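What follows is a short report on a single structure.
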Amino acid sequence: MRLYRSFFLLFSVVFAFTSCGTDHENDINNGGGKASEVNENRNVLTVGRPAEVTRLEFPKLKGGTSEVIVHSTSAYGMTYALEWDHAKRSQRWSCYEITSANNKKGWNRKQWNNTKWGGDPFQVDPKIPANEQSPVRGEFSGSHYPNYPNSYYDRGHICASEDRIYAKEANEQTFYMSNMQPQVHVFNAGIWQRMEACIQNNANRGEVVYVCKGGTIDKDSQILTRTKSGFIVPRYFFMAVLMKDEKGYHAFGFWVEHLYENHSSDRLSQYVVNIDELERLTGIDFFCNLPDELEHKVEHESVQEVRSYFRSWGIN
């Protein structure tokens, strides 16, 4: 009897643990019936990994010298998560979801002017050793784009400030230096901002929008240069977007070169790729927590299919 009770208790704990997740994660289908739940490449919970890594916005974790950092608020849950590479002293990506619950305005970036910060609250991430992060001031702005000595880098948000304006605390977390990459100003305020606005302006078209964004830090050929203290400057930036709506799941990616040129008037369609191509370019396995059958379908939609489905987003 004691053995039976022990087994029952163990089974109950395992069942409760494996049942954890959001409603969005438990309702995975693509409009034509329940998809196969076989998933051989999903993120697996291990000691030290936060439970959030099983959410749909997460890509496959790199492991090794990298660590997932989760920032959250008590009222809204996860603000965003990032993968920090301790050896490279750089973030690889930031990911988050946009829903009706957090796609609202409860804070304005300009309101920081009336706080102790007197402006944008850039600061080191308290969850990462400070000596691995860029100094808050002088590092990016004191470094320049190759062959353009009069240029400088902005502290470019990966999880956009405007994507997290539902609460003051959440917005402040987007200003951690771990969420920044050096971006030359004409890029940050130009084509990158256009891509951010595309997501922000259209997120309400789906029940949930899952976003993963970052810059290339893993291949020497995809590193533009380094700042004066040796921090990586990515040569390319990317966005992977997965939307769930009444028709199921669909996804697309943006892939853009980090240029000291004004491309703010470009058609976004020229930067659109499908997720399969984005994975080839970045070496990152996006949306790995989807069941394999559904993941394959979503990622292998042609660019033409992607542009057609998301035509209302202005990317066709």
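Each Cβ is built from the backbone N, Cα and C atoms, and glycine gets one as well.
Look at TrEMBL and you will find His157 tagged as active site, proton acceptor. If you take the C-beta of His157 (active site, proton acceptor) and look for same-chain residues 6 or more apart in sequence within under 8 angstroms, you find Thr174, Phe175, Asn179, Met180.
According to TrEMBL, the feature Mg(2+) binding site maps to Asn188. Asn188 (Mg(2+) binding site) carries a helical DSSP state (H, G or I). A 10 Å cutoff on Cβ-Cβ distances gives Asn188 (Mg(2+) binding site) a total of 20 other Cβ atoms nearby, all chains included.
Residues or ranges marked as domain 'DNA/RNA non-specific endonuclease/pyrophosphatase/phosphodiesterase' by TrEMBL: 76-293.
The domain 'ENPP1-3/EXOG-like endonuclease/phosphodiesterase' annotation in TrEMBL covers 77-293.
TrEMBL lists 1-21 with the feature signal peptide.
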